[in-house]
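What follows is a single structure, written as C-alpha cells, with notes after it.
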Amino acid sequence: MRYQSYFNTALNIINAYHGEMPLAHFLKQYFALHKKHGSSDRKMITKACYAYYRLGKALQELNNAMRLKVALFLLWGHEQEWQIVFPENWLQQEYDTLAKRWKILQTAFPNLQYTAIFPLQSALSENIHSTDFSAAFLLQPKVFLRIRPGKENEIIAILQQQKVTYTQLNKTCIALEQGMKIENILPLNKNCVIQDYSSQRVGELLQCIPHDSKSLAVWDCCAASGGKSILVKDTLNAIQLTVSDIRQSILHNLQQRFAVAGIKDYDLFLADVSKPLTPALKNRYYDLIIADVPCSGSGTWSRTPEQLYFFSEQQIEEYARLQQKIVQQVIPQLKPGGFLLYITCSVFKKENEEMVQYILKNFPLSLMKQQLMEGYQMQADTMYAALLQRN
Ligand SMILES: C[S@@+](CC[C@H](N)C(=O)[O-])C[C@H]1O[C@@H](n2cnc3c(N)ncnc32)[C@H](O)[C@@H]1O
C-alpha cells in the first residue's frame, strides 16, 4: 500500500503545481510543510512527479491520474513495487523493457507517439532527429565531469579507489549515474568540474582560435558561475579574462568557484548587456567574446521536464529578441579579427541558426564554424555553438 500512497501524494502535488517555480523548489516547499514523509518516501514521490512531466505534451487528453499511471508504467514499470497502481491488462504481457511497455501502452492509447512528447518539431534546429530527441525525454540524463588539464591520472585513481561506477567518454570527460553525490568523493572545481558533455564540447570550437604565445583578451559576457570561463582558461591558457552577468548572486558564486579553481587575475562587473554599455565599458575591446546567452534552455529540459510540459511557443520569440539585443551590444566590443563564440542550450533554430543568420546579415562578421551538440543521443544536454570572426 505504500506505493499506492506515494502515487496519491504525487497526484496531489501534480494537481497543485502549475509551473510557477522549478519543480525541485515546489517539492522542497511541499516536503517542508508535510514533514511526515521520510527520505525514502520523498525519493519515490519525487520520482513519480518527474515521470509525469517526462511525458511532455503527450496524452494531455487523459486525466492526471491516468497520465501518471502511464508515465510510471513507462519509466518505472519494471520495478515490482509500482505494480499495485497499474491496470491488470497492462501486466498481462512481458513488460520488462521500456520498448515493450511502450508497445503495450500504444495499444491502449493509439495517440501515444514519441513526437507527441515534443510537438514543436518544425521549430527544431537542423539535424535534430525528432524521434530520438523526443524519446530521450524518457531517460534520466547523466551527470558529467570534466577533468582539468594534467589531473587525469589523479581523478581516475580516486574514482577507482572509491569504486565509483563511471564511463570515460574521452580523455577528460567522465559520465556518472544520476543521483550520485560526487562532491563527497572529489573536491570539485580544483581538479575537475561538473560540466555537461555538450558544454565540454564547446572546447572543440575554442580549439579553432589561433592562440600562440600572445595572451588573448576574453570577455565572458553572460558568465553565470563561470563554467565556460573555466573551460576557456583550461583550453587557451594564456588569457586576460573579464566576466560579467546581470545577476550579482551568480557572480558571487563565480568568485567562490574561481578561488577554488585557482583563477586569480580577472576583471568582473555586473551588467545588463542587452542595454547600451556604459562609456567605460564601451572603451574595452576583446579578442574573444563568449556570449552563452539566456535562452529557452530547451536542450536541458530532460533535466527539468516540467519546462517541457509548461513551455509555450511564444517564449522562443521572446528569447530570440533578447539574444538579438545582447549581440547588438557586445559585437562592437570585438577587436578587428576578434572572435565571437555564440552559445545556447536551445534546440530551436530561431535561437540558433537563425540568430547566426541575423548576426551575419547585420554585422561585419564571418562564420568560422557552427556545431549542434546532440546530447540527446547520450543522456546529455543538447547545445548549439557558433564561432564567428570580425572582418
Ligand atoms: C546560459 S547562462 C550562462 C552559463 C555560463 N556561461 C556557464 O557556462 O555556466 C546565461 C546567463 O546569462 C545571464 N543573463 C541573462 N540576461 C542577461 C543580460 N541581459 N545581461 C547579462 N547577463 C544576462 C543569466 O543571469 C545567466 O547567468
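Glycine is no exception: its Cβ is also placed from the backbone N, Cα and C atoms.
Here the structure is a predicted model, which means the values were calculated and not measured.
Per TrEMBL, the feature active site, nucleophile maps to Cys345. Positions annotated as S-adenosyl-L-methionine binding site by TrEMBL: Asp245, Asp272, Asp292. Sequence annotations record features per position, and here TrEMBL assigns domain 'SAM-dependent MTase RsmB/NOP-type' to 114-391.
Overlay of TrEMBL annotations on the structure.
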| residue | record | Cβ contacts under 8 Å, 6 or more apart |
| --- | --- | --- |
| Asp245 | S-adenosyl-L-methionine binding site | Cys222, Ala223, Ala224, Leu251, Leu254, Leu270, Ala271 |
| Asp272 | S-adenosyl-L-methionine binding site | Ile246 |
| Asp292 | S-adenosyl-L-methionine binding site | Asp220, Cys222, Ala223, Ala224, Lys228, Ile343, Thr344 |
| Cys345 | active site, nucleophile | Ser198, Ser199, Cys295, Gly297, Ser298, Gly299, Thr300, Asp381, Thr382, Met383, Tyr384 |
- Query: In terms of DSSP three-state secondary structure, what is the assignment for the residue listed as 'active site, nucleophile'?
  - Reply: coil
- Query: Using the Cβ centroid of Asp245, Asp272, Asp292 as the reference point for the S-adenosyl-L-methionine site, which residues of the same chain not in that list have Cβ within 8 Å?
  - Reply: Cys221, Cys222, Ala223, Ala224, Ser244, Ile246, Arg247, Ala271, Val273, Val293, Pro294, Ile326
- Note on the structure: In three-state DSSP terms, Asp272 (S-adenosyl-L-methionine binding site) is classed as coil
- Whole-number mean of pLDDT values that fall within the domain 'SAM-dependent MTase RsmB/NOP-type' (114-391): 96
- Item | Maximal Cα-Cα distance (Å) across residues annotated as binding S-adenosyl-L-methionine, namely Asp245, Asp272, Asp292 | 14
